[in-house]
Each structure stands twice: as C-alpha cells, then as structure tokens.
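What TrEMBL annotates here:
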| type | residues | note |
| --- | --- | --- |
| DOMAIN | 64-115 | domain 'NADH-Ubiquinone oxidoreductase (complex I) chain 5 N-terminal' |
| DOMAIN | 133-414 | domain 'NADH:quinone oxidoreductase/Mrp antiporter transmembrane' |
| DOMAIN | 425-628 | domain 'NADH dehydrogenase subunit 5 C-terminal' |
| SIGNAL | 1-20 | signal peptide |
| TRANSMEM | 114-132 | transmembrane segment |
| TRANSMEM | 138-156 | transmembrane segment |
| TRANSMEM | 177-198 | transmembrane segment |
| TRANSMEM | 204-223 | transmembrane segment |
| TRANSMEM | 244-262 | transmembrane segment |
| TRANSMEM | 302-322 | transmembrane segment |
| TRANSMEM | 334-352 | transmembrane segment |
| TRANSMEM | 364-388 | transmembrane segment |
| TRANSMEM | 408-430 | transmembrane segment |
| TRANSMEM | 451-473 | transmembrane segment |
| TRANSMEM | 615-636 | transmembrane segment |
| TRANSMEM | 642-662 | transmembrane segment |
C-alpha cells in the first residue's frame, strides 16, 4: 500500500505522457486524476496508521550503491513527518489542482503533456519526502527541479517563459551545489548518509563540522525555498500556467527546502551557529518579500511574494528550533496559498486573461464565489484568529519573543512588522481586484462569469481546509506535550520554549501581530477603496519615487546579479577560453610541442651546409663542451646540478638551435 502511494502518480504520468495520442485529452484527465485521488485515499489511510496509531515503518527495496564504506539502498521511510506533514498536503492539493486544471487548461492543445508533467512532479515530490537516506531524497530533489523547469517553460514559445525557467533552474543549481558538498561532508564525517546512522551519531561529532554541514544544507534549502539571496527565481516563475504556480510555487516545491531542514533537525540542533544563521535569513526574507509585495502590480506576483514571505516565517521557526511549528505552517500555508492561487487563476481566466491588478475592479458583483474564496484565503494568510494560519503563524512570532535572545528578538520584530505588511498587500489585492471602481475593458466585464464545477469544487474544498484545518489539527501538531511526531523530529531540551510562549508572555505581545494585521488590512481598504488619491500622491516627490523604485525593483537584487556577478562570470569565461584555452594551453600543449619539434628538426637540418670550415667549428665546439663536462667539478661548485649537467647542456643546445627560428 505504501509503495502504491508513490507509484500511482508515476503510472498516471507515464500513461498520459507516452500514450497521450492513444488515450486522448479526456483519457489523460481521467487517468491522472484517478491515480492521484487513489493515492490521496491511500495516504489518508497511511496517515491513520502511521500518525494516529504511531507505527512508522521503513521499506527496503534493494541496494543501489555498494562500494567499500559507502552503501546506499533504495529505502523508504514512512514516519510521522513523511506521512502527515508532507504526503497529506502534497497529495490533496495535487489532486485538487489536477481537477482544477481539467477545466483551466481545456483550451490548451497540449493537455496530455501538461498532466503528465503535473503527475510526474507529484511523484518526485513524494519520492523526496519518503526517502530514508539523503540520496533517495536527492533523486526526488533533482526530479522536482527538472519538472519545475518543464512546467514553467510549458508554453515554450514564449521568450519570457524560457527566461524564467532557465533562471529557476540555474538558481537552483547554486543551491544543489551547496547541498551536494553537504552530502560529501556528511559522508566524510559520518561514513554514511542514512538518516538513522547520521542522526544517531550527530551528538558525538565536532560542532564546527556539524555547523559547516548545517550551513551547506541551508544553502540547498535557500535555493529551493527561495530565501535571500537565492529568491529571485520565484517571482519570475509565475510565467507558467496558474495551476503550476499553485502546485509548485505555493504548495509543494518550495516546501522541499523546509522539509530538508526539518528532517535534519537532529543535526541542526547541535549547531547553535547554523540555527542563528537560519533564523536571521528567515526573518530577513519574510520582511524583504513583504515590502516588495506592497508595490507589485501583477496579480500572481503579489501572491508569489507573499509565498516568499511565508517561507521566511517557516525558516525562521526552524532557526528557533521549533520544527513542529514550522511544519504546521508548511501544511497550513500549502492549503491557503493553493486557494489564493487557484482563486487568482479563476479571476484571470474569467477576465480575458488579464493579470494587472490596476486593470480589474468591481468584480465582487461578477464573481461572488471566487471573491469569497480569495477573501477566505487572504484572511487565513493574515492569521485571523481561529482561521488556519493563526495557529502556526502567530505561534512562530510568540515563540520568537519567548527565546529572549538576539535572534529571537530580531525575528519577533521583523515577524510582527511583516504581519502588518502582509495584511496590507493582501487587502490591497482584494480591494483593487474586487472592490474598487471597474478599471477593465467593457468586453471583459460582459464576459466575466463564474467558472464551472471543476474549478468551484477544488476552491470550495481548499476554502474549508483554510478555515478548519488549523483548529482541528493544531493540538496534534503543536499542542503542548503532544508526542505526535515521536522520533521523526528532535528538539534539544535547551531549546524548548513553547511553555514560555504559551503561558508567560504579556498579553500585548501575544496580540501585537493580530493588531498589526487588523491595522494593515483596514489601512489598505481605506487607502485603495476610499482615498486612492493619497497613494498616487506618494510618488509625486523624489524620495517617494526612489523608495517606490527600490521596492518595485525587488531591492535591486537582479541588477546587482546581472551587472556584477553574471557579467563578471561571463567575462571570466571569455578570458579563460581566449587566453588560457586558446593561448597558454595551446602553446605548451600539443600544438606548441609539435611545432617546436618540427622547427628544431628543420633548424638542425640547416646546420648541414657542406662547408668544411663550418664542420671544423662544430668539432671544436663539441670538444669544448666535452672538456667542460669533464672539468666542470674543478671550475665551478657542481653539488647542485651534478646529475643534471647533461640535461642543461642539451637544453642550452636546443635554445641555441631554436634562436634563428625565433627571429
């Protein structure tokens, strides 16, 4: 049963991709959706067996690499972390997105290819979270990287989609490089890359080594989970179809980096330095993305920045050693962010494929159901009390304060500010798309309509999850004393601050994020719905324009990358190819060697002149050389080059013979 959870999406993908002509569009829809729904049902059973009943298992298939110390096998681990925290959101959301896509992509000529990629992506994601060693995980990791490229580049005739896909792939290569070096370091230190071996030996290892490994694993997670400075691929990846944005860049791919960090909790817990760096990176990313989201105008890009911001919260929670809270937020975020993206897709589709939020307005009367779903998603994103995200996002901020340390306070301040900014840009989106005066074309409004059932059902289910999931499951995941995760997570006793956060914080600290959210949301509605002139006048003076440009240019990260790093790299490559490869290596390599030998032969041939006096000169020179060799020890101190006298003579002769040709 457990293996069929993995195999079903792969089968669906293979059938849809390789037999697309035979089964047709509807066949591809039916097969992939059926496979994923079956897989979801099995995962729910697995959740009951593994999670509720507490009986994790591992499945050993066969040996993969067996070389001296290194033995890696195809082995899968189904424990609380795999089953509950990753299988459930990945499979549920993936199934819903497949159903959503049957309608959303119905006009597209390449349905079979699309569904094949989607199912393949799901398979690799499941492989990633269920591998029992770092290598099986890495297979899934690289797989989702490749399929992500294929899906962003799905409309491969669009130049912008090509560029976005290449950017996503290359930026993830940077993280993969760090991750690979991390695996080498793990093997060098532990002699194994099985989770069980590595984690049981971690407490006895050198802390510096653990820190280096932790930071290398963080590099991989930073690229996949879009943390500063490897974040700039994620907003670009909105070029793919909307279901892709929802599946990859909201629910699944971006949580792979988080999964890696959480799975490695027994390692990270023994390196305070790595945890400090993780906290600072996460908090900075959360704040950075929220400020950038304030001024974006593309509907999907606003949600993309909100994703980066929420990922920052999760990474921050990992850095504060609260792995279960980070996981809870991963799952919660998956549901409400998928809801937001699918809602945005429904809006874009019903409104003549328009994505600029300045071109919408007044859609609440045309798309009431979609509006309700977007509102639920936004409210959940703001951590409105008793909605899903409230149980994880507010808890992360409280736990940050309860650390009473520099990194904790830093995370608390930035986390609280980010909560306010999040509320602002979420309601800016709601206001501009649904509430304000209509700004679109007349035709678009005449044709605006609610989508059909294939879109409404996924939205409805995701909305239910976004409202109730946190309330139902919060005690299981993050309740005080809940032993749900058993041995799949490890929190060092020194780092447990949940009691502190729950029972001894001042009420003002607990309410601060909620107050700021309420303030941000109200301000956005006020500014964009009632007094829009104020916002326009902000950019009338030069400082307003400068700030706007800075935020709209995403802190000018792309400019720095293009002008300094990328162009420097290209220039270096040009120099190496021209000077080193074509120049130096050719001169001392085969070309230079053969030339020298040929020329030497020709020059020696020229010595044969047929003039007797020249021959007598050669004889005299030979005699002098011989005499020098014999009497050199008397004339000069030869202790240095007693053995290499002949070589020196020959080299000198070669130089003398070559000298005519060099002129």
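Using the three backbone atoms N, Cα and C, a Cβ is placed for every residue, glycine included.
Predicted automatically and left uncurated, TrEMBL annotations should be read as such.
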Tell me the residue counts in helix, strand and coil for the domain 'NADH-Ubiquinone oxidoreductase (complex I) chain 5 N-terminal' (64-115), as DSSP assigns them. 30 helix, 13 strand, 9 coil
Using Cβ distances below 8 Å and needing 3 or more such pairs, separated by at least 6 in sequence, tell me whether the transmembrane segment (451-473) contacts the transmembrane segment (177-198). no
Touch test for the transmembrane segment (408-430) and the transmembrane segment (364-388), at least 3 Cβ pairs under 8 Å: yes
Six or more residues out from either end of the transmembrane segment (177-198), which same-chain residues have a Cβ under 8 Å from its Cβ atoms? 69-72, 75, 77, 132-135, 138, 141, 205-206, 209, 212-213, 216-220, 223, 260, 263, 266-267
Please report, as numbers and ranges, the same-chain residues at least 6 past the borders of the transmembrane segment (364-388) whose CB is under 8 Å from any CB of it. 306, 310, 332, 335-337, 339-340, 342-344, 346-347, 350, 394, 419, 422-423, 426-427, 429-430, 433-435, 445, 448-451, 456, 459-460, 462-463, 465-471, 513-514, 517, 520-521
Taking residues 6+ outside the signal peptide (1-20), which of them lie with a CB under 8 Å of any CB in it? 28, 31-32, 34-36, 38-39, 42-43, 45-46, 57, 59, 76, 78, 87, 91, 94, 112-113, 115-120, 122-123, 126-127, 130
